[in-house]
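Structure record follows, encoded as structure tokens.
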Amino acid sequence: MALRLYNTLSGEKEPFVPRVAGKVGMYVCGVTVYDFCHIGHARAGIVFDMIYRYLRFSGYDVTYIRNYTDIDDKIINRANQEGTDYRTIADRYIATFDEDMDRLGMLRPTIEPKATDHIEDIISIIQRLIDNGHAYAVDGDVYFAVETFPAYLKLSGRNLDDMLAGARVDVDERKRNPMDFALWKGSKPGEPWWESPWGKGRPGWHIECSAMSMRFLGPSFDIHGGGKDLVFPHHENEIAQSEGANGCQFVKYWLHNGFVNINSEKMSKSLGNFFTIREVLELFDPETLRFFILQAHYRSPLDYSDQNLREAQAGLSRIYEALAALDQALEKPATAIHLPASAAEFAEKVAGLLPRFREAMDDDFNTAQALGTLFDSIRTLNRLLAEGGGSSSASRADLEQLRAAVTEIGAVLGLFRIKPSDWLAAREAEKARHLEISPEEIEGLIVERAAARKNKDFKRSDEIRDYLLSRDIQLVDTPQGTAWKVK
């Protein structure tokens, strides 16, 4: 089936028809660079990296823009706290963000603009809004007049009158309407500023994204993404100011990923349940975090806990164990591969894997279902390899086809990037760190056991095996040698 995606604007799944056939323009709101990124940022990054990869896999020429908000109240406050310049703070946390994204296996977007590089674009749009009657200047500030834009709140589905009635908005007598939002903020002592027709000042947050997206994608483009928390006010305000300035539809499809909860509670600094990406990666490898995030549909809430991460790592290990067995089987000569003569089920699973993967991904990027199809094939593979039986050259072709399909799926999801034996060895080493025995000692005992067996000293061989078992180390003898794993 053709790609369908859930559009926040309509509240429905819609067929994906880009404005220009074969080309996609996609803008995703990046981070405000004043601190280390948390796992909510990791989810947004991984989700839209997956979408970017799948669109390219589907044959689209994608221009992917993700910005840095490098001027904002939070950045200024952090700079003042540290007694430094806002640019020092922004540059520091741009660098740490890039490091985090690289560790999580992200593809770099086509362009990663900084807000401060587009001040002239921002001023131009604000002036156009004033000229169009959608904005007004007062005492060096410029505000968007929400009542001049009848479609305001069309993305979130809120009602302006209801919001005004129950508003917790600080009353500013200079505003025509309490819901009017800042496009330009007049300078205050100790703050960075730029010259403008309304005096020295700096841009508001919302106008920055409109300016950067329009600069690289034009006044109207295909996909705008971000976290669910950005629907209001950020994306709502982007629509108002962009369509008010240009007189045309700003974005065709709005995509929003769900929240991350911590042990079933919403993640927040005030609750003290706030984890940075770096803190998580001290406990779990990057691919496990990526796999954990992709196990859920991108719009669903995601409950983060150490237990859920451990379960995700166990699931990823099952795939890597199957891939290691598959690679081992494919290293044998074709005539040495023994598979059940009744391997028709496996052949059917393999032939259908990529089509079923595409079907799941075409259904609003349903990675949960897509991974389910992969696990289905892996289970059949494990059963097949365990049974043994007759041999077939066609069965080898099925194994090769499965390996190629998993590699292709991995490229779309950003998974299975590591040699299976290396990944499994790293996980065993992690487990061994919590044992009273080192990997080096284990390997030394394996060498000693091999020598004992060669010399037919089976008593010593059994003693070594039993000793390791008492330390929760299980030995696995294979034609290629002896491996070990933590029980």
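Yeah, the Cβs are placed from backbone N, Cα and C, and that goes for glycine too.
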Of 31-41, 163-173, 273-283, 339-349, which span is tagged motif ''HIGH' region' by Swiss-Prot? 31-41
Measure the Cβ-based neighbour count of C209 (Zn(2+) binding site), defined as the other Cβ atoms within 10 Å of its Cβ. 27
For the motif ''KMSKS' region' (266-270), the mean pLDDT of the predicted model: 72
Please list residues from the chain of C29 (Zn(2+) binding site) whose Cβ is under 8 angstroms from its Cβ, counting only those at least six apart in sequence. R66, N67, C209, G225, G226, G227, L230, H234, H235
Of all the binding-site residues given, H234, E238, which residue's CB has the most CB neighbours within 10 A? E238
For Zn(2+), residues beyond C29, C209, H234, E238 with C-beta within 8 angstroms of the site's Cβ centre include exactly W205, H206, E208, S210, H224, G226, L230, H235, N237
Per DSSP, to which secondary structure element type does E238 (Zn(2+) binding site) belong, with helix, strand and coil as the options? helix
